[in-house]
Amino acid sequence: MIGDIRETKECQLKDPMDLFHSGQVVKICAPMVRYSKLAFRTLVRKYGCDLCYTPMIVAADFVRSAKARDSEFTTNKGDHPLIVQFAAKEAQVLCDAARIICPFADGIDLNCGCPQRWAISEGYGACLINKPELVKDMVRHVRNQIDNPKFSVSIKIRIHEDLNRTVDLCQKAEAAGVSWITVHGRSIEERHQPVHYDAIKVIKQSMSIPIVANGDIKTLKDAENVHHLTEADGVMVARGLLANPAMFAGYEETPFQCIQDWVDIALEHGTPFTCFHHHLMYMMERITSKQEKKIFNVLSSTSAVLDYLNDHYGV
């Protein structure tokens, strides 16, 4: 990581807010545990992704341990604009993490949306939507302690059953200086229920900062529809990009060139086999038969995967 960081110091950090002022819908790769790492961010940036997030990092671990910093965060010159997402429950800990990351990334995001039981029991993630004063305090602290005015501070939330509470949370965060808010249009309890795009629209109409819509966006057409339904300034995609990293470039399914690009990038970055293989399983889900999946999904080495791709697809 240190080599990567030195390289980044020489590169020009970007102001993510410039994207929101461009007049175009901002196309964003979501924070995904294990998946939205440097190699995958490099791939989606090749195919029209404007802004990328890291996987969620627990701020307290990041501040405390150099080992955690090295394993959780890598970047390079081309990896911008980049948002580092943190799980935090104390303002000063979030500030300390932001201060460490500030020279190497373009902003931080506070996770107020993760519904996993472990996160909520630790006081992280979606339980923060019920603590608007704490969220406001955390945003304000980072704003006050980071000198770079272009360094963004955003939050990612889920919605309440009572939407007035969500609007109140967003307005408090806005008053504290939040740069933008990403809204996943489901409540903490909802998993696969339809996304409440109407709720995102209400939030958008209640705010003067950019709002990003998140939830069930699988194609570029979906992204356009969601923008139309919500009037959001950006769209954030998770599983849709895993299945098709080229979706923002308008491809309906993963093109073979994108698979070739993934192989090249993953090998160049030394991506661990499991991650390399899982990404390919997602990318090839729609373009392989059941029989092919049975064979491909149990391959157990990089060389076996490369041979299979070469023999079957000329990749």
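Using N, Cα and C of the backbone, Cβ positions are placed for all residues, glycine too.
For 29-292, the entry in TrEMBL reads domain 'DUS-like FMN-binding'.
Per TrEMBL, the feature FMN binding site maps to Pro31, Met32, Val33, Gln85, His184, Ala238, Arg239. Around Val33 (FMN binding site), the same-chain residues six or more apart in sequence whose CB sits under 8 Å from its CB are Pro55, Met56, listed in sequence order.
Among the features that TrEMBL reports, active site, proton donor is placed at Cys114. Spatially close to Cys114 (active site, proton donor) yet at least six residues away along the chain are Met56, Ala87, Ile120, Tyr124, Gly125, Ala126, judged by Cβ distances under 8 angstroms.
Across all of the domain 'DUS-like FMN-binding' (29-292), the predicted model scores a mean pLDDT of 97.
In this structure, Arg239 is the one among the binding-site residues His184, Arg239 with the smallest number of other Cβ atoms inside 10 Å of its Cβ.
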